[in-house]
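Encoded as structure tokens, the structure appears first; notes follow it.
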């Protein structure tokens with residue numbers, strides 16, 4: 001039984017391989033966009049971007065798939081199914097850095113191009129990883145958002161998550177490095193809202209009391225930015241104090257509408273899906289190779305430069321304001 | 001003399017000293033506007049602490065209040081998002097009723113199964129948080145999905161005070177009257193002070209604890225709506241860890257964890273003390289690393305004082321009986 005299955009399996013694979021090499025010119029390049037779980041607005045938006053890339057490239061079929069719950073086991077099943085379908089490329093946002101490596105290795109042995117995006121896989125399990133942005137870009141962006149509203153300079157304060165949040169601390173550090181590029185902007189203090197709505201609200205209120213001439217609050221955390229916007233509204237300082245930082249459009253729509261926040265940033269899932277598809281296409285058609293230092297084009301998003309871990313950053317975080325918030329608030 | 005020694009006077013004095021200290025570093029803090037703001041900000045803590053007080057009086061503890069608040073808040077927010085036309089009054093009734101039901105679950109488990117309350121509420125705390133995840137799928141309900149009436153109600157001003165602050169005042173006054181003027185209020189003390197004696201006087205210990213939990217749950221439910229409307233956001237983790245702050249307010253206010261001792265005035269002052277500390281720390285420029293240490297120290301000091309005070313005798317609920325007893329002793 002086992003023997004026959006192996007025989008048949010081998011034969012089937014041989015035919016598939018032959019078919020694959022023979023029908024190279026006409027068959028569309030099939031790129032599977034594997035997400036953490038189906039039904040999440042962020043990933044639905046990424047799929048939209050992938051379709052956009054496919055339309056631009058022409059000869060591409062996007063397979064948008066993923067498990068129903070955000071588990072590594074679910075994704076492994078999906079990967080195995082994709083290997084059986086002989087897709088040309090898998091672009092995955094993983095639920096586990098290491099657990100997916102064996103399945104993805106198997107896919108690569110079968111000649112399938114594997115890249116990770118958004119949430120990465122360990123280097124041995126993929127050819128490259130696409131980060132939505134990079135720490136220096138984020139650090140610069142949050143300060144730029146505040147400075148753009150303050151052409152004359154002004155006082156800004158930071159509302160972070162906890163004192164030990166790695167991400168927030170790195171972003172603030174990167175922000176401090178570029179502080180010299182923004183003339184007249186003074187950072188008067190950093191407070192910590194612990195990612196609790198009530199504590200963030202109190203800290204933001206405290207900032208406005210301590211610095212009555214405060215011009216902006218930068219909150220690089222999604223709980224903090226919402227709470228700070230509410231505190232500014234309640235203090236009647238809409239228009240005086242601008243709240244900016246990193247947040248999600250659905251959560252920030254109210255603050256943009258009230259004017260408490262003029263703009264904020266976060267990665268754009270549409271661009272991310274678009275870029276991942278472009279990259280997967282380039283690698284699957286052997287137009288580019290994923291090696292440290294390589295520069296791979298990704299259509300309207302420019303090129304991706306890979307570092308020594310074959311990782312690259314897509315772009316600056318995407319800026320959301322009153323002109324585009326309505327397009328995104330129902331997406332994620 | 002007894003007034004000077006009383007815990008409430010001591011705590012009141014501590015609050016005044018605290019205010020003077022804060023004012024010396026940041027004068028704007030004691031401006032009337034700001035004090036109103038601080039009181040408003042403290043109101044949810046105060047309301048929850050009042051509920052917790054009656055639970056602790058009966059020798060129990062309710063660790064599920066914050067989870068109850070979060071679940072009720074999520075239900076209110078989802079109701080509002082689904083039916084924006086629903087009047088706030090209906091939402092308030094739903095909030096209090098739902099909170100009370102959750103409190104009753106705690107109370108029934110403690111009463112009928114005689115499980116220690118800390119275990120029961122530790123369990124229901126996780127269950128309630130889990131239910132929030134189930135009904136919301138982990139998604140947030142955001143400001144733009146809530147109606148203006150929904151988020152505006154706690155902010156609306158009546159006689160210069162926001163509605164949220166009025167709820168705090170009403171809850172405090174209501175609770176004082178209930179504790180001092182109703183049989184149930186006295187039963188809470190009796191059950192906590194000496195359960196065996198309470199049984200002999202015809203008070204059901206379990207039933208009294210059941211009502212204490214129901215009351216605590218109903219107040220937590222009320223806070224659920226107020227909280228979500230105030231911060232205009234509902235998600236799984238709102239008020240995470242808040243139950244410990246609530247217990248801390250009671251302990252600082254002199255409610256004995258051993259049950260049966262403490263006053264509502266003490267709880268009010270305890271909540272105000274914590275509220276002032278929480279609101280003052282951001283403006284007096286104290287390192288965030290110190291903030292938790294300061295709150296913790298206040299609790300330890302309060303418990304130490306409590307221990308020394310509790311060496312005295314229990315609260316006498318039947319003055320006449322005591323007179324008879326002392327007469328009997330002299331004869």
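Keep in mind that glycine also has a Cβ here, set from the backbone N, Cα and C atoms.
Note on the transmembrane segment (B:49-71): residues 98-99, 102-103, 106, 110, 117-118, 121-122, 124-129, 131-132, 171-172, 175, 179, 188-189, 191-192, 195, 205, 208-209, 212-213, 215-221, 223-224, 227, 234, 236-243, 246-247, 249-250, 253, 255-262, 264, 267-268, 270-271 of its chain, located 6 or more positions outside it, place their CB under 8 angstroms from a CB of the stretch. If you look up TrEMBL, you'll see B:49-71 (among others) marked as transmembrane segment.
Residues 64, 68-69, 71-72, 75-76, 124, 128, 147, 149-150, 153, 214, 217-225 of the same chain lie 6 or more positions beyond the ends of the transmembrane segment (B:83-102) yet place their CB under 8 Å from a CB of it. Residues or ranges marked as transmembrane segment by TrEMBL: B:83-102 (among others).
Feature annotation from TrEMBL assigns transmembrane segment to B:108-135 (among others).
Counting same-chain residues at least six beyond the ends of the transmembrane segment (B:156-179), those with a Cβ under 8 angstroms from any Cβ of the stretch are 36, 39-40, 42-44, 46-47, 50, 53-54, 185-186, 188, 219, 222, 226, 230, 264-265, 268. What TrEMBL lists as transmembrane segment is B:156-179 (among others).
Sequence-distant contacts of the transmembrane segment (B:210-234) (same chain, at least 6 residues past either end, Cβ-Cβ under 8 Å): 43-44, 47-48, 50-52, 54-55, 57-58, 60, 62, 64-66, 68-78, 91-92, 95-104, 106-108, 110-111, 117, 136, 140-143, 146, 150-155, 164, 167, 171, 184, 188. Feature annotation from TrEMBL assigns transmembrane segment to B:210-234 (among others).
The transmembrane segment annotation in TrEMBL covers B:246-277 (among others). Within the same chain, residues 7-8, 11-12, 14-15, 18-19, 22, 38-39, 41-42, 45-46, 48-50, 52-53, 56-61, 63, 65-66, 172, 175-176, 179, 189-194, 294-295, 298-299, 302-303, 305-306, 309-310, 314-315 sit at least 6 positions outside the transmembrane segment (B:246-277) and bring their C-beta atoms closer than 8 Å to a C-beta of that stretch.
Annotation source TrEMBL lists transmembrane segment at B:289-306 (among others). Residues 7, 10, 248, 251-254, 256, 270, 273-274, 277-278, 281 of the same chain lie 6+ residues outside the transmembrane segment (B:289-306) yet bring a C-beta within less than 8 angstroms of a C-beta in it.
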